[in-house]
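Copied from TrEMBL, the annotated features are:
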TRANSMEM  55-76  transmembrane segment
TRANSMEM  88-106  transmembrane segment
TRANSMEM  126-148  transmembrane segment
TRANSMEM  160-183  transmembrane segment
TRANSMEM  203-226  transmembrane segment
DOMAIN    229-345  domain 'DUF6545'
REGION    309-328  region 'Disordered'
COMPBIAS  359-368  compositional bias 'Low complexity'
REGION    359-385  region 'Disordered'
Amino acid sequence: MTAGVVVLWAVTVVEVVRALRGTGTRSLLVAVAALAAGRTLDLDAVGEALGRTTALAAVEHVLVVVSAVAVVAFTHRITGEHRTVPRPVWVVLALALAAPLVDAGGALPATAEDRAAAYASSVPWLVHWVAFLVTLAVALTAGARIALRNGRLARGVLGVRLIGLGAGQVLGVLYTVLKALHLGALVVSPGSEVGLLGTAEQAALSSAILLVAVGLVVGFAATVAADLATRRRLWVLWPVWADLWPHAPHLDHTPPGRLRTTFSPDARIREVRLVVEIGDALRVLSPYVPAHDHTDPVAQAAALQLASRRVGQDVPASPPSGPRPAETGFAARTRELYALALAWPRAAAVRAQIVPGAGADGDVAVPAQTRASGDGRPGAGESAP
């Protein structure tokens, strides 16, 4: 049980990080945090330290119910399904779960058999246990059905998360059934051997926690990997963006530095902005691009750098040197620009092969030209010799 609690708190930390990054959901954070807190209160060491009181047991069960309901809410959120429970149902459930608190300071026996006998002899505890087990079974069954049904249709990380949540909730239902059987066996046959039921109950609970944790951690890892890939593309695209900035229409401000762009909190929005603005600049430069090998990214980069200098020289525009590429989706366009950006630093060496006399430093007749390099403000003037 201790290992399961550790896993739950680890997942809680992950969800807190996701929430701080703006990629998490409140319902999922509540679900894992409530379950982690509830299972922590169920530990023997915690029970001995705080005392096995009625209030402690009731709070533990309430936290587990809150977790189950929050998981269902999270499943509804990511699948787009919307169902509401009438408010009177919540009121009745709250009263039923709080029934044992009429004797909040009462101590519970130390052994499972004695606790089961105490539950069976107390009407408030019977009401509490029925409400707890029924609510848990209904919530987990509903959540599992929605998660598994949509998980088969979803692709990628979302499918993994839904399948993990659904399988974990199925095992949660099994845990609920085994818990009811275990309590019933302890009450009906106090002296019988029911250790196997207790072991199966804990195994189902541990497996449910593990499956849910795996699904959530896989989703978090995929999110982190996607974020790192986005920031790498920002780092690579930045020199092209900064060099072509003066030619993008409607952009008058100096672009932010490379580090600031790469590590901005809204990296995905920054990437969209870079791709769109580089594309705008390329359309402006297209009449000035000299003939070149369109299949070679280095040659394409060199031609664009020369086109940028031609604009500064007021060279008359000419018809495009080749057919314009067909419009593509954002992902395909990003890949094309990424390949261009990787070739951008090597373009200076081949400019002379495209336009004779254009060496590594550009055309000798080009006036002061804005060029971006490294991190910081682009715009270091290059005076013509």
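Each Cβ is built from the backbone N, Cα and C atoms, and glycine gets one as well.
Small disclaimer: the values here were computed from a predicted structure and weren't measured.
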Contact set, same chain, for the transmembrane segment (126-148): CB under 8 Å, 6 or more residues outside the stretch
58, 61, 64-65, 68-69, 71-72, 75-76, 79, 81, 93, 96-100, 119-120, 162-163, 165-167, 169-170, 172-173, 176-177, 179-180, 183
Within-chain partners of the transmembrane segment (203-226) [C-beta distance under 8 Å, separation at least 6 from its ends]:
1, 3-4, 7-8, 10-11, 14-15, 17-18, 23, 28, 32, 35, 39, 71, 156-158, 160-165, 167-172, 174-175, 178
With Cβ-Cβ distances below 8 Å as the criterion, list the same-chain residues six or more beyond the ends of the transmembrane segment (88-106) that contact it, or say none.
53-55, 57-58, 61-62, 65, 122-125, 127-128, 130-132, 135
Within the same chain, where does the transmembrane segment (160-183) have neighbours whose Cβ lies under 8 angstroms from its own Cβ atoms, ignoring anything closer than 6 residues to its ends? I mean 6 or more beyond.
68, 71, 74-75, 78-79, 116, 119, 129, 133, 136-137, 140-141, 143-148, 150-152, 154, 194, 197-198, 200-201, 204-205, 207-212, 214-216, 218-219
DSSP-assigned states of the domain 'DUF6545' (229-345) in counts, ordered helix, strand, coil
78 helix, 0 strand, 39 coil
